[in-house]
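Inspection log for the structure reproduced underneath, given as structure tokens.
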Amino acid sequence: MLALSNLSVMDIIKNKNYLRMEPYFTSSEFKTEIVGYFNNIEALNVIYKDYSHKSDDEKVTNEEIMPSKTTYDANLRTKEDQLSNKYKNDLLAAEKKGNNVEISRLTDAKDKELNEFKKENEKTLDNAKKKIALYKNQDYENIKRAVEGKTIIKYYITKGKNNVIYTNIVNSSDINLYVKNSAFYSMKFPDKSLKINNDMFTINQWVGTSGEAYFIIPKDIDKTSYIYENYNYYNSVRQRIIKEIIIGFVAFIIGITMLFLILKKNKEQIPFIKKLKKRYNKIPLDVRIFIFIIFSFIMTIYTDKVPFFYKPYNYAQFCTLTIIAFYTVYSISNIIMAYRLYKNREEFREQVKKCAFYQLSKRGIIILTMFAGVAIFGAYITVMLSSRIIIIPMMYILCYLVFIFIYSFNKIRFLRSIIKGTEEIVSGNLNYTIVEKGGGDLFKLANNINNMKAGFKKSLENEIKSERLKSELITNVSHDLKTPLTSIINYVDFLKKEGLSKEESQGYIDVLDRKSQRLKILIDDLFEASKMASGAVELNIEKVDITALLQQSLAELHDKINNSPLIFKVKVPKRKIYANLDGKRTWRVFENLINNILKYTLPKTRVYIDLIERDNQIIINMKNISSYEMDFDNEEIFERFIRGDKSRNTEGSGLGLSIAKSIIELQGGRLSIEIDGDLFKAKVIIPSFSQPPIET
């Protein structure tokens, strides 16, 4: 019953167009008939209007003869050129000799040849006209016979503002009355509902908005005509489809009821079916799904081509019904299985883990590719056997196998290169790079390994650098703390001696004060740098005039600048430029940068300090010529206790630039150093007022 219902559904879907109220008159076959008939009417009344009253010359238009005439003119020009070249030398020779008789003879001969060619060419042109006229006469007669002989379809067409009427209806004074009383079926244009149809649009377009067209099948239609026979055939198919719907619905209800009763009565399954089900469930889930899809695909093609509902009934139809019944039971079993897995998620997860695809993916790409190849091979062999067209699937299979071989070979070679790369990296060769090519998972794997290697290499370099800087930090801290501390100890020993004068004691005390102050500054800077690095510092952010702040820094160091052997070139705007900053700490940055300039600049050279505002950013540039060789990295100068004077004879803790960089970055700005030979350039970039922080 369910198989019968399945066949009914397939046949109904295939023949759904027959379910319309007027299946024949709304079919593409009838529309094609009307359009062809209309095209003949249009040709007879427009292209061949008054054709029988025209002479043979009038029947052929200039447009139709133009190609032949163009060829005639081209041939004539070519012949004229040939004759001119042929007689040119003889005419020139006769002219030089002054032989007028010879000139006249040659000219007459040339004209004679040209006239003969013209006559032949004109005959060809006349023949072309006759051929065109003959073709048009035949076409006219064929169209005329087609229009006048098709009395079974009546037409009534009005066109133009004057309502010119074209019709084959006798006594057609009132077309609407004729349609009402005499029409078995009628079509009227323009019809907006049919404009989407390309065939019908042709009629709508010709009739336009100022006219109308009626195509009518009269009630007194000849019962032996092909239109009436087609009409009856389409209606008979419609009746059959309606019966199929009823049969299919009843069969479905009966089938479902029987299935429910059988399942309810036989809870304990037949041993054979139980054993078969147990074996089937052992098949991996994805393989079962694949088999079901392939089987469904085959059955769709098969049922689409099976004329089950047509007489006479035979043994083949019984076999078809059996096959469909088996497929129906198989489909229902799979639906029940899918529903059970949907309800039992734990069982579904276990089934997924047992999937062939899941298992094969662990074993490598070769097995997976072979599996896919065999599957597609089987599917196309099935199609080949059903269609009996052997060459197409065989060519496809051959191309597929060649493609799979090349694809698998390239993937395996790529996989081997990845394995080799990982072995190189494991052995410590961090400069080895796996060549990334193609796409897919292997490409992603190679890319990820390269990125991991690059990250590990960078991390290792940073670790080595960190260890080096840590060692230098300990050395520098020890040196910078030891120097003032040693001086303090020595001068304390001096003060312990007896017999010192008051002036000597005071001198030692002054030295002790200076050394202890330097030690205090060093320790304060060390604590400040530590707090900046950890971010454990509170900033008092407010609206600050950066122009005034820079000028204040220069003013407080005015004496040092004047007493130095340096020439300062300061370029600061007169207007106020605002930024959201901690004024006190930003002033310290400027002070540190200017003090570094005073300490490390080559005497008698210029120092440039510029302040500009551009693209919502405030930029402060400080440039000077170093008195020391700068054989260090741009970023290295920001490390703690790194100083331009490696002999460490100048005052300073080596923490100034590190603290300055931290202060600027905490305020959303950026401090960078550029070194070009002996040219040292410090650039401070700060977002102007109400602008977001700059990404560092």
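Each residue, glycine too, has its Cβ placed from N, Cα and C.
TrEMBL entries are annotated by machine, without manual review.
Owing to the predicted nature of the structure, the values given are computational and were not obtained by experimental measurement.
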Stretch carrying coiled coil according to TrEMBL (options 103-138, 427-462, 463-498): 103-138
Secondary structure content, the domain 'HAMP' (415-461) (per DSSP, counts of residues): 34 helix, 0 strand, 13 coil
Confidence summary for the coiled coil (103-138), mean pLDDT rounded: 83
